[in-house]
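Student: Annotations per TrEMBL:
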REGION    1-66  region 'Disordered'
TRANSMEM  75-101  transmembrane segment
TRANSMEM  113-133  transmembrane segment
TRANSMEM  145-163  transmembrane segment
TRANSMEM  169-189  transmembrane segment
TRANSMEM  201-221  transmembrane segment
TRANSMEM  233-253  transmembrane segment
DOMAIN    276-507  domain 'Major facilitator superfamily (MFS) profile'
TRANSMEM  277-299  transmembrane segment
TRANSMEM  337-358  transmembrane segment
TRANSMEM  364-385  transmembrane segment
TRANSMEM  397-420  transmembrane segment
TRANSMEM  432-452  transmembrane segment
REGION    474-493  region 'Disordered'
COMPBIAS  484-493  compositional bias 'Basic residues'
Amino acid sequence: MTMNSSRDVRHEKNGGVRPASPPPGNGASDAAYAKPQKTERSEEPVPGPAETDRDSGSGSGADTEEEFKEGGYGWVVVLCVFLINAHTWGLNSSYAVFLAYYLNSGAFPDDPITFAFVGGLSFSMALLVAPLVTTCVRVTSTRKTLAFGVVTQTVALVAASFSTEIWHLLLSQGIAFGIGMGFNFNATVGIVPQWFNRRRSFASSLSTAGSGFGGLVYSLATNAMIDSVGLSWAFRILAILSFVVNGICCLLFRDRNKAVGSVLAAFRLDLLRRKEYLLFLSWGFFTLIGYVIVLFSLSDYAQNVGFSASQGSIIPAVLNLSQGIGRPLIGLASDRWGRINVCGISTLLAALSTLLLWTFAGKYYPGIIVYALFGAFAGCIWPTVAPVGAEVVGLQMLPSALSIFWLILVLPTTFAQPIALAIKTPGPDGYLRVQLLAGFMYIGAFISIWLLRAWKLEELEKANLTAPERRAGEEDDDVVARATSRRSTKTSRPRMMLRGLLSLSHV
């Protein structure tokens with residue numbers, strides 16, 4: 001480790017802000033980076049009130065060095081993201097109940113595949129707006145971006161309550177709701193890791209557990225509301241609840257974009273030239289195809305094999321309960337045994353449970369309930385995407401990396417469920433092709449993440465990082481590149497890749 005790197009690491013441990021390093025792939029030399037930089041707080045420019053509010057999303061002032069410590073106000077941020085996820089993705093999970101109602105009630109006579117596009121559009125629009133959200137956060141603030149999302153989501157649900165044609169639902173429950181959900185999600189998804197280091201995966205997974213518990217509540221509540229007050233008032237009640245909760249979270253939310261030197265560029269296309277990032281993208285692509293199919297199909301599948309609508313609504317509720325409990329456990333395991341390790345194992349378990357449990361035991365109610373209990377693995381992308389993304393590109397580049405990540409995943413989220421309904425056949429075994437498709441998508445995702453693991457171990461072995469450098473590498477992945485250029489090993493690349501695939505190392 002160079003003298004400057006050691007000083008930066010010591011400065012970070014004391015709560016300071018590490019000087020910004022050259023962004024990955026910019027060609028900056030070690031000599032240029034090693035030039036001494038001033039880190040004393042007295043010599044740093046003090047932002048004005050307007051700049052502070054814009055950067056932090058908080059009107060209370062900038063996040064100074066003394067304010068930050070492991071966790072701290074970050075636990076309030078975790079609670080806010082938990083509740084936002086509960087009232088965005090959790091609420092969206094109840095579309096499995098809406099879809100079963102649309103398919104079996106005849107309220108909106110149309111081709112069943114059209115109904116699948118409603119849920120697919122809400123997913124895909126939430127991801128499609130990711131670059132726009134990143135730009136809005138940079139130009140305005142996180143809080144103002146969140147406020148727009150809260151209002152848009154509320155208006156969408158109210159508009160859906162007046163729908164009389166299927167295209168009304170496509171515009172309101174599909175496109176408009178997805179845009180509002182996307183602004184809320186993308187503005188907050190990368191913020192929790194900024195407040196934590198040792199407990200980063202646990203804190204991130206705890207916040208994503210909100211979508212699981214929200215899905216549990218709303219899957220049961222939506223079915224009950226439709227039965228008791230009708231479809232229109234069910235939408236209006238959901239609109240009121242989400243507006244109140246998300247609005248309060250918007251007021252309490254704070255980020256540390258300025259403190260960590262986040263690169264809030266909507267697109268960093270140079271990332272697409274990095275093989276590790278392409279593996280990260282392929283893992284997300286395959287995982288989301290499987291996840292969308294599982295999430296939106298279970299309720300209708302239950303009715304297809306002979307269970308009642310009430311029994312069918314319980315299955316996605318159990319799936320979401322499993323995610324609510326399982327995601328923090330996945331986070332704890334990630335911090336203990338390695339983020340990429342746990343991500344890969346979770347993806348493999350999702351594949352095996354889908355191909356074995358859902359396919360062979362799904363016709364029996366206890367069997368489908370047991371499969372739903374594996375829901376934490378089916379949705380393993382949500383508690384692991386930000387921590388694994390930080391392992392791949394570093395915290396500074398994470399906002400830009402996630403913008404491209406979500407944008408590319410628009411395709412699988414839009415067409416996964418329509419494809420599932422298109423290959424579904426009549427009869428009790430009508431979902432067999434759907435089950436196999438979901439299972440093999442998870443297999444593809446596992447192969448991608450395990451190859452990514454091999455790359456990470458190869459990079460660490462080439463760099464031969466010291467413990468302080470490895471901790472610094474969690475903040476800035478360019479630390480690995482600089483150390484690699486100084487201490488490259490002579491181990492052959494094929495041998496290192498093979499070792500990465502089979503090694504039990506913590507990564």
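Numbers run from 1 along the shown chain.
Yeah, the Cβs are placed from backbone N, Cα and C, and that goes for glycine too.
Just so you know, TrEMBL annotations are computer predictions that nobody has curated.
Given the structure is predicted, the values throughout are model-derived calculations rather than measurements.
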Student: So, taking each listed stretch (113-133, 201-221, 432-452) in turn and counting its Cβ pairs to the transmembrane segment (364-385) that are under 8 angstroms, which one gives the highest count?
Tutor: 201-221
Student: Using Cβ atoms and a strict cutoff of less than 8 Å, what residues sit near the transmembrane segment (397-420) while being 6 or more residues removed from its termini?
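Tutor: Hits for the transmembrane segment (397-420): 23-24, 113, 116-117, 119-121, 123-124, 126-128, 130-131, 133-134, 137, 186, 189-190, 193, 257, 262-269, 271-272, 277, 280-281, 284-286, 288-289, 292-293, 296-297, 385-386, 389-390, 434, 437-438, 477.
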Student: Does the structure show the transmembrane segment (277-299) and the transmembrane segment (233-253) touching, where I'm treating 3 or more Cβ pairs under 8 angstroms (sequence separation 6 or more) as a contact?
Tutor: no
Student: Who are the chain neighbours of the transmembrane segment (233-253) in space, where the CB to CB distance is under 8 Å and they lie at least 6 residues beyond its ends?
Tutor: 57-58, 76-77, 80-81, 83-84, 86-88, 91, 142-143, 146-147, 149-151, 153-154, 157-158, 160-161, 173, 184, 188, 191, 218, 222, 225-226
Student: When you scan the chain for residues with a C-beta under 8 Å from the transmembrane segment (201-221), skipping those not six or more beyond its ends, what do you find?
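Tutor: Beyond its ends, the transmembrane segment (201-221) has Cβ neighbours at 71, 74-75, 77-78, 81-91, 93-94, 96-97, 192-193, 195, 238, 299, 313-314, 316-332, 334-335, 339, 342, 375-376, 379, 382-384, 386-387.
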